[in-house]
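**Student:** Have a look at this one before I ask anything.
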Amino acid sequence: MARIGIIGSEGAMGQALAGVIDASDHEWAGGIDRGGDAASLADASDVLVDFSSPQALDANLHAAIGAGIPLVIGTTGLEERHHGAIDDAARAVAVLQTGNTSLGVTLLAHLVREAAARLGPDWDIEILEMHHRRKVDAPSGTALLLGEAAAAGRGIALGDHAVRGRDGCTGAREEGTIGFAALRGGTVAGEHSVILAGSEERITLSHSAENRAIFARGAVRAAEWMIGRAPGRYAMDQVLGI
Ligand SMILES: NC(=O)C1=CN([C@@H]2O[C@H](COP(=O)(O)OP(=O)(O)OC[C@H]3O[C@@H](n4cnc5c(N)ncnc54)[C@H](OP(=O)(O)O)[C@@H]3O)[C@@H](O)[C@H]2O)C=CC1
Ligand SMILES: O=C(O)C1=N[C@H](C(=O)O)C[C@H](O)C1
């Protein structure tokens, strides 16, 4: 039994998490939203789970370090400086950050890496995602995670090869780039496709989230797994053993 503290507790993911915790052996330690005190929440928790906003990151890392407890970060829209702060914090406590806590996307990332490793750069890689109209960041954290997997398979740095959105007279596609396209509308929980387009043939690897419970279940599983871990930065495939 673990006491799980939720950052972003009134949000869509916070509510989904509360449902999964209620149905588990774990206890809801409390929750905060904008303006809440992460340090007090951390003192009452065995592990923190964050589905809120990048603006909350520094306070959340600080609170986890202060209380000496692990932190699971599901919040997306993180920039390079956020990842630097996570790396720094991971010297003091266990931190897991992922753009997608679901089993399906974690496995999909492995498949994408494998496909990109086996196909040459003449196979164009494009990543398409669609989410609900409330989503504030693009490309999605999952799309970026899949892009990182494709880049790792190819042995390149995503930052040097990503093309994030096209508009106007863009010129022909540059070989070896990884393209991103984001659609927003309705109540879509999360759709991702990685398209590998070769000459006269095409492979599409896709994941469809039917609801947020898949993310919440993965996040609770990660929270359980993180308790008692040594300081360091961990990933979802370690939690799931894939
Ligand atoms: N990794 C994964 O598997 C998944 C990640 N996500 C990500 O999780 C995040 C939240 O998504 P979702 O629940 O749909 O978003 P919502 O907008 O529904 O909820 C966000 C919640 O966070 C709160 N919040 C905002 N700023 C802060 C802050 N500075 N400190 C504490 N709480 C804050 C909001 O409170 P207020 O309303 O007061 O601003 C709100 O209650 C997004 O980044 C999303 O992309 C979502 C699903 C799965
Ligand atoms: O905001 C969302 O809803 C989601 N965000 C994550 C992302 O940015 O990839 C995960 C999931 O796709 C839902």
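Here the Cβ of each residue, glycine as well, is placed from N, Cα and C on the backbone.
What TrEMBL says about a protein is an automatic prediction, not a curated fact.
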**Student:** Which of these, D25, D33, D58, D87, does TrEMBL list as part of the NAD(+) site with G8, S9, E10, G11, A12, M13, G74, T75, T76, T98, G99, N100, T101?
**Tutor:** D33
**Student:** I need the nearest neighbour of A12 (NAD(+) binding site) among the recorded positions R34, H131, K135, G141, T142, using C-alpha distances.
**Tutor:** K135
**Student:** Please compute the mean pLDDT of the model over the domain 'Dihydrodipicolinate reductase C-terminal' (104-240).
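**Tutor:** Reported value for the domain 'Dihydrodipicolinate reductase C-terminal' (104-240) is a mean pLDDT of 98.
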**Student:** Would you say which of the binding-site residues G8, G141 has the most Cβ atoms within 10 Å of its own Cβ?
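**Tutor:** Per the Cβ count within 10 Å, the most buried is G8.
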